[in-house]
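In Swiss-Prot this protein carries:
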type     : residues                                                                                  : note
ACT_SITE : His159                                                                                    : active site, proton donor/acceptor
ACT_SITE : Ser289                                                                                    : active site, proton donor/acceptor
BINDING  : Arg20, Tyr21, Arg85, His86, Asp87, Thr111, Ser112, Gln241, Arg303, Arg329, Ser334, Arg338 : substrate binding site
CROSSLNK : Lys415                                                                                    : SUMO1 cross-link
MOD_RES  : Ala2                                                                                      : N-acetylalanine
MOD_RES  : Lys147                                                                                    : N6-acetyllysine
MOD_RES  : Lys295                                                                                    : N6-acetyllysine
Amino acid sequence: MAAGGDHGSPDSYRSPLASRYASPEMCFVFSDRYKFRTWRQLWLWLAEAEQTLGLPITDEQIQEMKSNLENIDFKMAAEEEKRLRHDVMAHVHTFGHCCPKAAGIIHLGATSCYVGDNTDLIILRNALDLLLPKLARVISRLADFAKERASLPTLGFTHFQPAQLTTVGKRCCLWIQDLCMDLQNLKRVRDDLRFRGVKGTTGTQASFLQLFEGDDHKVEQLDKMVTEKAGFKRAFIITGQTYTRKVDIEVLSVLASLGASVHKICTDIRLLANLKEMEEPFEKQQIGSSAMPYKRNPMRSERCCSLARHLMTLVMDPLQTASVQWFERTLDDSANRRICLAEAFLTADTILNTLQNISEGLVVYPKVIERRIRQELPFMATENIIMAMVKAGGSRQDCHEKIRVLSQQAASVVKQEGGDNDLIERIQVDAYFSPIHSQLDHLLDPSSFTGRASQQVQRFLEEEVYPLLKPYESVMKVKAELCL
């Protein structure tokens, strides 16, 4: 049975990233139509530049190519590739079939990587351009969430054990800070992308030097003109047959890092959902379990974690691919890159769409948070109580021993009897502590235990987050809708 299948058929496997999760716009960027249309555009740009620099290419040939950029006979191309065992030459023939007058000058002087690699770089750039505003929107939604809850005390956790208090907004800023680093890295790697350009079979530009009869300047002009037509500021000066596969490492490393950030955020949300302090959106008709109707599973956060793990592992592909590119190139890269580049971007696209949807509907339960604080705060307040007693004339050592005994009794009630923490009640009825009984409410005010959390939130948002989001103001209103 021949390899390949009808990918629109229910009898043929289709990647869930495309069929179930990723956005239509990201799927289109990695589609065959987008790819092969870009090949034709690159052939047109090459012909236009070659004509401008004096090669015998007519206006009629150029116009014929322009008129057929979208006229792609995919069936013919597939048949040609089956016959020739070469995808680029299959599309040269297919393009030439609908451009008979231009057929002889299509791909003039070029090698397969002229269309293959340059198209990949265009796709990487455009895919990054799709991700950047999506990530900015996630940051914006979380920034709104953090600002609104900047002063809401909550129990902090280290080692997932109760620690000092923080605020809900401050905790959210930990998430935002990681995503801001990801946004900066995505922008950097996007701006650092260079075009492969017009380089020939081993990167020496020998074929173009021959076409222009040894004119170095025209060869350099050709490279520059096509690079500018493709919208790049610069091209690699040095290439082998391909652009260095280190570029793929750079791009997928940034995406993998984004995956790590999203995994951490969504894990926190899942843990908070278990504590009943916070939940992701839950639709009115949504079913959490087929057997347990009360369940409210954090399905979206779980999906993000599941896909983020996949995204983090994909960076190993370009690392290994770059390491086995012998001399000017081997074909070890080809099949692998067809999979890992598309999957990385479709996965990143999915987790950003999902995280935006989550961040637009996060639900906080202040009463649950308050109750958990009441359970733990008495123990945390013991040092403040000791200091207040010393100020009232008591002995630190005597007070410490009193607190120690009462704390152990209260802990026994919590752990052995399943009761509430009654340390404060014990202190309130103990005559030894009568000098500070009137101060206990103040000493137990949760806001006095959150330090500068709310001020940190305000400063972080104003100095770091809002300036970073400013270039994306025009796209901030787009909502994230999930079908599944």
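Just so it is clear, glycine is given a Cβ too, placed from its N, Cα and C backbone atoms.
What you are looking at is a predicted structure, and each value in this text was computed from that prediction instead of being measured.
Between the alpha carbons (Cα) of Ser334 (substrate binding site) and His159 (active site, proton donor/acceptor) lies a span of roughly 44 Å. In three-state terms derived from DSSP, Arg85 (substrate binding site) belongs to neither a helical nor a strand segment and is classed as coil. The Cβ of His159 (active site, proton donor/acceptor) has 6 other Cβ atoms within 10 Å, all protein chains considered. Of all the recorded positions listed here (Arg20, Ser112, Lys147, Arg303, Lys415), Lys415 has the Cα closest to the Cα of His159 (active site, proton donor/acceptor). DSSP classifies His159 (active site, proton donor/acceptor) as coil under the three-state reduction. Across the residues annotated as binding substrate (Arg20, Tyr21, Arg85, His86, Asp87, Thr111, Ser112, Gln241, Arg303, Arg329, Ser334, Arg338), the widest Cα-Cα separation comes to 42 Å. The distance from the Cα of Arg20 (substrate binding site) to the Cα of Lys147 (N6-acetyllysine) comes to 34 Å. The Cβ of Ser334 has fewer other Cβ atoms within 10 Å than any other of the binding-site residues Ser112, Ser334.
Taking Cβ-Cβ distances under 8 Å and a sequence gap of 6 or more within the same chain, the neighbours of Arg303 (substrate binding site) are Thr354.
If you count neighbouring Cβ atoms within 10 Å for each of the recorded positions Arg20, Arg85, Lys147, Lys415, the highest count belongs to Lys147.
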